[in-house]
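Lifted from TrEMBL, the feature list:
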- PRO32, ASN33, GLY34, SER35, GLY36, LYS37, SER38, ASN39: ATP binding site (BINDING)
- 166-200: coiled coil (COILED)
- 261-463: coiled coil (COILED)
- 521-637: domain 'SMC hinge' (DOMAIN)
- 679-804: coiled coil (COILED)
- 843-862: region 'Disordered' (REGION)
- 846-862: compositional bias 'Basic and acidic residues' (COMPBIAS)
- 903-944: coiled coil (COILED)
Amino acid sequence: MQLKRLEAYGFKSFADKITIDFDQGITAIVGPNGSGKSNITDAIRWVLGEQNVRNLRGTKAEDIIFTGSASRKALGVAEVSLFFANDGTLPVDFREVVVTRRLYRSGESEFYINRSRCRLKDIYNLFADTGIGHDGMSIIGQNRIDDILNSRPEDRRAFFEETAGITKYRNRKRESVRKLTDTENNLVRVQDIIHEIENQLEPLARHAEKTRIYNGLQEEFRRCKLSKLANDYAQEAAKKQENDEKLAALRDDAVGADTLVQAVAAEKERLNKEIIDLERALQEQAEKNETLRQKMEGAAQELAKLHERQDQSDGARQKILDRRQELSHEIAQAVADIARLTEQASHHKQDLALLDELLQTERAKEKKLAKRIHEEEDKARALQKSREEQQTIWNAKQQEYALAERDLQNGTDGQEDRERELEQAKDKLAELEDLQDKLAAQLQREKDKIQQLQAQSQAAVGEKTAAINAQQQAVRQLNDCIQQLKSGESKLQFLQKMQQAYEGFGKAVKAVLKAQEGWRSGVAGAVAELIDVPKDYITAIEVALGGNLQNVVTKDTDTAKAAIAYLKRERQGRVTFLPLSTLVVRQPQSIKEGKSDGVIGWANSLVKVDGQYQKAVDFLLSRTLVVDNLDNALKIAKNHEQRLRIVTLSGELLNPGGSLSGGSRQHAEASFLNRSGEIDELKAKLGKLTAKQQELTNSRQDREKAVAEVEAKQQDLQHALQAAHIRRAELSTNLERLAENLTEQNRLIADLEQAMAAMEKSFAKLQEKKIFAKRAAAAAEAKYKELAQEEETIRNAMVDIEQDADALAQFIHEREVKRATLEQEAMGNRQFLELRQQAKLSSENALRDNEREERDLDSSLSDSVDRLKVLEGQQRAWQDVYDEGQVKHGDIYKERMDKLEASQAADKKAHEAAQKRNRLQETIQKHELTDNKLQMHLEQLQEEILADYGLTPERAAEEAMEGEPAEIRSQMQSLERRLKDLGPVNPNALEEYEELSKRHDFMAKQAGDLTTAKEDLERILADMDEAMTKQFKEAFAQIQVYFADIFIRLFGGGKAELKLLDEDDVLNSGVDILVTLPQKKRQNLSALSGGERALTVIALLFSFLRYRPSPFSVLDEIDAPLDEANVVRFGSFLKEFADNTQFIVVTHRKGTMEAVDTLYGVTIEDAGVSKILSVKLDEIEE
């Protein structure tokens, strides 16, 4: 691996983007002090993940962003990228790897690998155990020398771990320890939960039985309630049908009135449109007439000039002079006309503004009057209703009084009069009944419409139910799929945990396989773990091996002895061991030719096993023959005189000597040999289920959309149905009022008949009744007159208001006409003003041309004759068109006035039609209110039936219980008492008991899994510690040798040693550095001079590089404390190691620069901004 390039922007003093290309070998960064050359080292350290800003020579994070200078603004971001040529060292499948780090002044930090966003942890993992890292020996500066030598031995060991390549192990161990702690904590929690669940199970079982009894009674109660709801619905539906019939008749009259209002409104709109068209035509005709008048006036002027020229041709020159005076006069006249017309235009504008303001005010008054008329109409209708009711009362009292008076005056002779009055009352009753029939017919029509809407609504309900069912089915299918997925995942985890926990193995075998003893490394595993059996041969191999599946294979007998001693010590049981060092494999006897039908092969050849364990497999299976079926097996055994051990594919076993075993076998769900295969099958099945889940999720979304559409349709139908219910309620209200009148009339007839009978008995009573009737009639008359007077007052006021409104409308119309006329005059005035301005300009031009006309007079006289003829012809034609236009203008104006009168008549007709329609609407509304109440009650019953039972009312009637409503109510009361006697019931007890039982089983299994996981993690940690200890010891011993050698070469003698402070705890022991300089005694590191300390660190660095060459190393002025001789030695070592390591050296020492291949210079051109210069030494030498 090679560092190819560094790119930086905004990092410290690099305000502009810089690029440094690194070649193989040694690259030096040079430059004066303060130029920013060490910033390159900081940039490399930063992008590799340095988090301590003090190690980057700063105090806070934003210090690394360019802060600006006298001539440059501060930047808001710093970014550094390193480009690597990857030869497989980095664990990514890219030949070039780019690592980028970016920091914003806001504090936000970003990391990228190959332009993909990542975490800082990902960068740490990328470079782990490569020798490259922000905290390793690959980047060393002057301050780093003291850090390495002065650091605690425990901290110093981190450099050795990085070089030994156990950093990843250390990170994995840290993660495993965390998992072990979590597992132990989870195990404690699970055990607590199991104890708590066991305390809840017994009382919950009693509650579950009580709930079962309650559910049975509740179901019976629901059947009774369904029957009651069905009966209530049928009764309400009958009432509603009767109400609908009454409403239908009224609604027909309302439709006719509404049609008339619409027709009058359409007529009014047509007239208004025609009036607008006529006004437009009137204006256009006026414009045309004005244009013709202007043309004729111009032609007349020109004719006059031509005639004047012809008549006075001899004195033309004098006339030209006269013309000059005339033109001057015309110009003066035009100026006066322009001033006058301008003043008139100003007056027109003011008049139009005043008219617009007046029209706005009057239209506002017109709106207020319309509102007041509406309010007064409401009051008048209310008084009219009260007056009519009072009139009925008054008429009744008058009839009572008249009856009593006549009876008193005429005695028995007045009987005929009373009979006549009774006949009149009956006639009025007949009229009322006829009206009642009409209203009932209207109500029936409305009911029919409601039934139609209800049918549509019911169909919509069916569509909604179907859509909801489809949606629920999709949800169920999705839930089933998710459940299957969860079940499969749980089963997969269970099988994997069984495999990891050696589930199914005997206690003693488990103890050996899970042991953490030193001899455990000599255990290869159980036979069932070590072999891979094709699916077709699993049964045969299982039978052939039998209990030998749990035999444990060891390297040698010592391991087996140690394991047996362990089993005895721990009292774990017995295990059969197969030490590979002592096993003796017997070769199978040959099979006779021609007598081997059905033979598949020797069992040891049908299984797959690592070569080093083949001996154990041969020991167990080399003398067992696998045959396809029992018949062939028996033939082969007989042919070989019962000396072969044979097993069939279906599991029958023939032993030497002739014994035979077979029959049915109970296989475990995941036996030793098919457990891995079942895990693979489960993984494939889970992949298919995941795809099916996505498909079902899309289907569910489509169903939800369909439900929403059906619900919108149902809502529209409900709105229409609600409007129909309102109309039906109004009709019902009118019918109810009519029924009250009928009742009153019947009561009157009854009173008359009663009065006639009473008169025959007692005239005294009639006298008394006469007095009371007279008083009541007088009181009713007074009240009636009072109401009539009040109504007349309001009606008169309404007439006045309507007259005011009509007058105001007429006034507005006149003002609008006046405004149109004024606007037309203003337009004509503007046009005439433009003509006068043009005339003035024309006169001025004519005056300037006067002299030229004098010269051209003779030649123009002949042309004037021709022009005179043309103008006379044009003037006659224009005059005819102008006369016709004036006549047409008058006709249009007359037609417009006629249309205005027709429009006013249409307004009056519309007002009368609207009043009639409103009265009908009031009556209909009252009838519909009653119908709406019935409908709402029916809908409530329908919703209750649907919500509680999922049935339509018709279906509920079919499923209702037989029996009288009273019997059903009595049964419901009995059931309610029994339910009440049960007391409080937990409705979820059955489900809770089942769930709690399942949870108890699940938690018990979880506890077992956690125990197994804990044991696995403890074993993994032990294995990891063993591997780390071994690897670290080997690396440390080799580095110690290299360090001693390189130290002597650098110092020209002396002695250096690396020492572990605690050799019994290699993984946590600190590392001490012991040095003895030439001709000196051993010294403490702190007592060494700066150069000696630097050489010591350099020796340690090169010992690391010799053991594990780093792809690159950055050395920042590490040679500064060295004298010239040591600088030369340092340079020679750089060259020696440059074949395997790429060096980037920040220096200002000549001896080091002589050893490098490429030089980069860092300078400061602008204040505070560093620049990069590149020089290749081989190019300079050439």
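Each Cβ is built from the backbone N, Cα and C atoms, and glycine gets one as well.
Non-local neighbours of the coiled coil (166-200) in the same chain are 125, 128-129, 133, 996, 999-1000, 1003-1004, 1006-1007, 1010-1011, 1013-1014, 1017-1018, 1020-1021, 1024-1025, 1027-1028, 1031-1032; each lies 6+ residues outside the stretch with a CB under 8 Å from one of its CB atoms. Each residue in the domain 'SMC hinge' (521-637) gets a DSSP state, and the totals come to 58 helix, 22 strand, 37 coil. Look at SER35 (ATP binding site): DSSP puts it in coil. A simple Cβ count within 10 Å picks out one of the binding-site residues PRO32, GLY36 as the most packed, and that one is GLY36. Sequence-distant contacts (6 or more apart, same chain, Cβ under 8 Å) of LYS37 (ATP binding site) comprise ILE29, VAL30, GLY31, VAL1146, VAL1162.
Within 8 A of the CB centroid of the ATP site residues PRO32, ASN33, GLY34, SER35, GLY36, LYS37, SER38, ASN39, the other residues of that chain are SER13, GLY31, VAL1162, ILE1164, SER1170. Looking only at other Cβ atoms within 10 Å, the busiest spot among the binding-site residues ASN33, SER35, ASN39 turns out to be ASN39.
A count of other CB atoms within 10 A of each Cβ picks out SER38 as the most crowded of the binding-site residues GLY34, SER38.
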